[in-house]
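Undergrad: Found this in TrEMBL, in case it helps:
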- 74-93: transmembrane segment (TRANSMEM)
- 99-118: transmembrane segment (TRANSMEM)
- 148-172: transmembrane segment (TRANSMEM)
- 184-205: transmembrane segment (TRANSMEM)
- 252-270: transmembrane segment (TRANSMEM)
- 282-300: transmembrane segment (TRANSMEM)
- 306-325: transmembrane segment (TRANSMEM)
- 332-349: transmembrane segment (TRANSMEM)
Amino acid sequence: MTVLRWAFPVFVVINLSRGGFNSVWAEDGQEFLTDALTLPWFEPFATPFNGYFHTLARACFALIALFPVPWAAALNAGTAAVLTAALACLVAAAARDRLGTAAGLVIGASAAVPMGYAPNTLAQLQFPLVYAGLWMLLWTPSTRAARVVAVALPGLAALSSMLGLLLVPVALLRTARRRDRDSVLRALALLPGAALQLGSLLLGASRRDVGEQPDLDPFSVAGTYLRWGVPRSFLGDAWLAEPVTDPVGHRGLILLGLAVPVAVVVAALLRGTSQQQWRLATFLAGFAAFAGAFQLAVHGVPESRYLVLIALPNIAAAVALAGSADPPGRSVPFVALATLVAVVGIANLRPGGYTATLPRWDTTVAGARAQCQAEPRLRRVTVHTAQWPVLGWKAVLPCDRLR
């Protein structure tokens, strides 16, 4: 546990390096911040966006709204960084108990910055949250506090993201296999979120617009997963992102990305990896395929943010096969894989890359304040938070919070 205590501040610093302290991400401004500033504090929790509810993000913005509006961008990025680091430490703790300290740190570090993609914002926190919820369902902690977290976190994931419903079959499988009180509690904890997300859709209280071109062809989805999801799981998105300037080199990287898990499996067969490690790795890889297929089928096209629930379980599956609990650090396959994960993580860590082009929040707020002061009867000001006119992301700021 001492190692994990040191890991937490490191994970926080890494996440803080991604920036976003002077810009407000798309959904964060238009939905969460606007509602937190303009609605009664309780109403945003009952307000779905894009067909589902975002309990954790709403709760965070309810607190952010208590502070001055100019602080909103920094508080958004800072809160997201701390929570992502905390989730990564929980993942590391769960993985450590299954695979040993070194393996747990590698798996936790990969979760701290999911291949460098997810912007440092609360809107994107749902992806590492669901992944941490997955590990909570795999964990059998010894302390009461940890058991409470292992029960509560998957439930929070289901309340905060439609993707949290992917945890329901995992909880049911655990309950069917173990038949113990903890497993039943974890399954029951998912029920409120599942009822909220699915019930609102079925009753028409919320509406989920699927992708521009939903892909319901299983062969097409499988092909996209293999060509896009698996290589990027082990090489990240930075080297494989479009536009492709070197088709031959691009295909070579895809083949290399596919070769990594094959090499890990071959090494595991030669080393005589335990059945427990095989079962865990198979389960994690299966969840990655399940999550990837669901996201690709519903949305229709691959998007980088969907890599989080594909890449992280795949990396963890590879670590489970490459290392052993006694001691993983001396395993050549483990050291090679850990080095690859570190190199790819650094290559894909793009500080501020997704927020650098957004309007500066301090300038935006200053302009809104000037407009409110110039027009005493003005109640609200609409500001643009993104430079994408097609999407037109914007936020509504009350003048009584600016004058």
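Cβ coordinates come from backbone N, Cα and C, glycine included.
TrEMBL: automatically predicted annotations, no manual curation.
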Undergrad: Give the nonlocal contacts of the transmembrane segment (252-270) in its own chain as ranges (CB under 8 Å, at least six residues past its ends).
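TA: Sequence-distant neighbours of the transmembrane segment (252-270): 226-227, 230-235, 239-240, 277-278, 281, 285, 314, 317-318, 321-322, 333, 337, 340.
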Undergrad: Please figure out which one of 148-172, 282-300, 306-325 racks up the most CB pairs under 8 Å against the transmembrane segment (332-349).
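TA: By the under-8 Å Cβ criterion, the transmembrane segment (332-349) pairs most with 306-325.
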Undergrad: Let me spell it out: take the transmembrane segment (148-172), skip the flanking residues so only those 6+ beyond its ends count, and list any with a Cβ under 8 Å from a Cβ in it.
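TA: 51-57, 90, 94, 125-127, 129-130, 132-134, 136-137, 139, 141, 182-183, 185-187, 189-190, 192-194, 196-198, 208, 287, 290-291, 294-295, 309.
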Undergrad: Can you name the far-off residues of the same chain, 6+ from the ends of the transmembrane segment (184-205), with a Cβ under 8 Å from a Cβ of it?
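TA: Contacts of the transmembrane segment (184-205) (Cβ under 8 Å, skipping residues fewer than 6 from its ends): 48, 51-53, 55, 136-137, 150-152, 154-160, 162, 164-165, 167-168, 171-172, 174-175.
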Undergrad: Report, as numbers and ranges, every residue of the chain located at least six residues beyond the transmembrane segment (306-325) whose Cβ falls under 8 Å of a Cβ in that stretch; write 'none' if there are none.
TA: 95, 98-100, 102-103, 106-107, 110-111, 114-115, 117-118, 127-128, 130-131, 134, 163, 166, 225, 229-230, 232-234, 236-237, 260-261, 264-265, 267-268, 273-274, 277-278, 280-285, 287-288, 291-292, 295-296, 299, 331, 333-334, 336-338, 341
